[in-house]
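Positions annotated as transmembrane segment by TrEMBL: 6-24, 80-101, 136-153, 203-223, 478-503. The domain 'Peptidase M50' annotation in TrEMBL covers 139-478.
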Amino acid sequence: MDPLVFFIVLASLYGVLYFFDRFFKSCMHYPYDAFLKNTGLSINFMSLHWHTSAFNRSLLRWGSAGNSCTRRVMITSFNVGVLVTFSLLPIGLILLIATIFSSGEQDSSSSVSSPVGVPVQLEILLPGVNLPLEEIGYYITTLVLCLVVHEMGHALAAVMEDVPVTGFGIKFIFCLPLAYTELSHDHLNSLRWFRKLRVLCAGIWHNFVFAGVCYLLISTVGITMSPLYAYNQHVVVTELTRKSPLRGERGLQVDNQITQVNGCPVNSEESWVTCLQNSLKLKPGYCVSADFVQLNDESSAISHHSIDGQLQCCDELNPNVSCFEVVEDANGDVPVELPQHVCLNVRRTLEEVTEHCSSGVCNEGFCLRPLIRNITAIMTFKRQNFRGEKLPPVIYVGHPWDVTRTVEVSAFVPRYSLLKAAWPDAWLLLLKYNVVFSIGLALINAIPCFGFDGAHITSTVIHSFLVGRVDQHAKRDIISLIITSVGSLLFALALLKVAWLSFLRPLL
């Protein structure tokens, strides 16, 4: 779905829900109020709130099920979660400080291409700003999954510590989801400090574990998808933009499997990009028979230089022909039966090619290299269909960037005609989003900041370890407030810095 259409439809749905909510509350107050109470729904302007206690008994059964060995494993897991949470705290603070005091001149493209020496910084991920707006569905789905996993961690740990779970809730503010777990604060505060930390750190730990599981699925995607897809053998065309120069009857088609580009084998998305780049850098030659050259040579009577200095031996008004140079072999010999430069039809010549050459040596025929501009390359795409039958090659003269920009490919080649190559790509993209968002959510929650788990963790640590030195409870509250305020200030400054660099400064 187009992103603009998505936002319009979402806003319209909110408007309809809000209108009927006001209408039923005024005309059918008691039945509608009973409906809202039974379902846990609450509708406000551009927001939707759902609260339930339906999962309380299920959580209680999960927490009490199993033998003592299972319980020990879960307790050990939550103990590890406490250690991981405290190890994430300095990492999160270092990232905040690095983000605040960095120069901000490093752009995103250079940070991706040269990771060595580039400082790691925080970044606000916003659809339409630094994330493709077309991926808004992945964005919302990932946020919901990460939040649910986070809150389930708190709930499971609370059940293990005999803390009653009174309910769960999810709130959507337009398209931003928020989740929470309701616990009995009296029971939680009555726990000893380490048992309380297990509950408070469980959400961060579950996000960390969830990121690890998603990363494991990404690393083994070729194995898990192997019954349905062949991975990294060839690439398959999944989409051609409307303005792609390779569209048409003689061009690439969706579901075409590309095996070679100018003789360069294509077996992955990385090799696809490499082969396209090499087509511009290497300028390969083509082995063509002397008989074909003599029969199809359209050379002008007088060779001349065009305006840009490129040697021409063809009619410049004819876009179908190009000047070819006969390449000397390793011994410096030039075939006497051919002139130094010949003018040939590009498509007919490439269809006649027996092999590619680089040093002027051909097993059959002679090596010809096209004389074209440095920003132009001749690309021959060898392809096959779903059944492995070879299709006529596609020939394109232009810049490789036109291909990478307008042709989407996938390394997942379906084994069955009913499958689509875009499906595992969507699954892989969702897993990558979950890894990034889960780690980010874990780091942010470890920081002592108002509204996050770090504030409650800081308060628990302060009240547990400073009891002997600071007797008054109010003074310990003040110490906890100061630490949390400093963390909140650092977080706010980092957000302002990133917001300024990401989308506010470019608008000015």
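Backbone N, Cα and C define each Cβ position, glycine as well.
All annotation found in TrEMBL is predicted automatically rather than curated by experts.
Among the stretches 6-24, 80-101, 136-153, 203-223, the one making the largest number of Cβ pairs under 8 Å with the transmembrane segment (478-503) is 80-101.
The stretch from 6-24, 136-153, 203-223 with the most CB pairs below 8 A to the transmembrane segment (80-101) is 203-223.
If you average pLDDT over the domain 'Peptidase M50' (139-478) in this model, you get 86. Counting same-chain residues at least six beyond the ends of the transmembrane segment (203-223), those with a Cβ under 8 angstroms from any Cβ of the stretch are 77-78, 80-82, 84-85, 88, 145-146, 149-154, 231-232, 424, 427-428, 431-432, 434-435, 438-439, 441-442, 445-446, 453.
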